[in-house]
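Features as listed in TrEMBL:
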type	residues	note
TRANSMEM	41-61	transmembrane segment
BINDING	Lys79, Leu80, Lys81, Thr199, Asn297, Phe298, Arg299, Lys317	ATP binding site
DISULFID	Cys129-Cys179	disulfide bond
DISULFID	Cys140-Cys163	disulfide bond
DISULFID	Cys146-Cys173	disulfide bond
CARBOHYD	Asn197	N-linked glycosylation site
DISULFID	Cys230-Cys240	disulfide bond
DISULFID	Cys274-Cys283	disulfide bond
TRANSMEM	340-363	transmembrane segment
Amino acid sequence: IGTQSTVILAVMDAACIKSCPPLLDYKTEKYVLTRNRRVGAFHRLLHLGIFCYTIGWVLVVKKGYQEIDSNPRFSVITKLKGVSVTKDFRELEEKLWDVADFVKPSQGENVLFLVTNFIATPGQVQSVCPESPLVLDGRCGEDLDCSAAEAVVNGNGIKTGKCIRLNATHSTCEIYGWCPVENGSLMSKPLLNEAENFTLFIKHAVHFGKFNFFRANTLETSSETYFKSCRYDPIHTPYCPVFRIQDIIRKVGHSFEELSILGGVVAVHIEWKCDLDHSVALCKPRYHFRLQEKKNNFRTATYYWNKERQEYRDLLKLYGIRFDISVTGEARRFGVIPTAVSFGTACAFLGAATFLCDLILLYLDEKANFYWDCKYEEVAPQQ
């Protein structure tokens with residue numbers, strides 16, 4: 001093993017030997033070859049480890065020779081297609097639901113809500129009526145339990161001070177609010193069960209500003225019917241971002257019927273991994289689906305007036321599946337600076353390995369004093 005040693009050359013006049021301070025001494029290097037197999041083997045093992053780490057991990061696995069852009073700009077446009085038929089709110093006739101009815105918001109972006117079930121309370125008017133027996137604060141045994149002008153906690157209105165008997169088992173406070181109050185019962189099967197065959201079209205594009213590289217997830221085609229007939233497949237049709245709702249729910253490990261009754265939240269993650277040192281055709285999006293929540297609902301109302309100008313509303317409590325769409329990406333390309341940094345780090349590790357072996361040889365070895373005398377030598381000119 002070749003280790004570095006220092007030869008102290010004090011080149012000075014005889015008169016200066018006693019007067020010059022050590023700060024003015026000049027140090028230069030010499031090499032001492034030591035026949036120590038244990039330290040030599042350890043030194044070579046360190047070199048081998050550094051070589052494997054640099055080539056295998058830094059350059060091959062982590063691709064340390066490439067520049068990285070992991071903060072792309074992106075845009076997302078979503079569309080749902082399909083129709084479903086249910087009974088009208090008043091059960092007089094069938095009602096057709098299309099995109100304008102079962103998609104909230106109507107202009108889809110990276111979040112959209114697909115209605116799969118609902119509770120309808122038509123013809124509500126501001127008046128007095130009994131509170132729902134499902135509301136705990138609305139239950140009562142006598143009028144004293146219903147303090148007038150007090151809001152019902154988690155209820156539907158303001159107490160009037162009266163206790164109304166609904167049947168032999170339930171009595172609730174009379175309230176002032178939108179009457180009749182909402183019925184909390186749900187159908188055992190989803191009212192919009194055809195929604196499992198609806199299709200979700202996710203169109204998006206990414207732009208890696210560092211490399212001025214743009215990529216979209218749709219096939220560039222002049223055919224007007226391609227996206228109406230194709231379905232996404234990672235191998236055969238990777239640039240057809242059209243998914244059946246039923247297929248998405250299966251990918252998260254559940255059935256559509258299970259989620260459609262009370263709703264849920266599904267995360268759709270689109271990932272781009274682009275190595276620009278290779279063919280651009282290999283830069284394809286990957287889709288990941290994950291169930292985040294098993295219940296999801298909100299309320300909405302439609303307001304109208306009768307001939308007497310009295311205000312009414314139809315209240316809908318909508319249950320459904322919300323899709324949260326996110327896009328991430330990473331683009332790589334060869335760069336001189338990261339390559340130089342990777343090799344510079346490897347050289348620094350090699351120097352550290354030599355320094356470590358020097359410490360072992362001079363302080364921990366059983367012949368440390370002998371190696372110390374060989375390594376450090378003070379030389380002065382003859383008188």
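Using the three backbone atoms N, Cα and C, a Cβ is placed for every residue, glycine included.
Predicted, not measured: the structure shown is a model, and the values here were computed from it.
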Exercise. How big is the Cα-to-Cα gap, in Å, between Cys230 (disulfide bond) and Leu80 (ATP binding site)?
Worked result: 15
Exercise. What is the nearest of the recorded positions Lys79, Cys140, Cys163, Cys173, Arg299 to Cys274 (disulfide bond), using the Cα of each?
Worked result: Lys79
For this session: Among Lys79, Leu80, Lys81, Thr199, Asn297, Phe298, Arg299, Lys317, the annotated ATP contacts, find the widest CA pair distance and round it to a whole Å.
Result: 24
Problem set entry | Count of other CB atoms lying within 10 Å of the CB belonging to Cys140 (disulfide bond) | 21
For this session: Within 10 Å of the Cβ of Thr199 (ATP binding site), how many other Cβ atoms can you find? Include all protein chains, please.
Result: 18
Exercise. Out of Leu80, Cys129, Cys173, Cys240, Cys283, which has the highest number of nearby Cβ atoms, where nearby means within 10 Å of its Cβ, if these are the recorded positions?
Worked result: Cys173
For this session: Starting from Cys129 (disulfide bond), work out which of the recorded positions listed here (Leu80, Lys81, Cys173, Cys240, Arg299) have their Cα within 10 Å, and give them in sequence order.
Result: Cys173
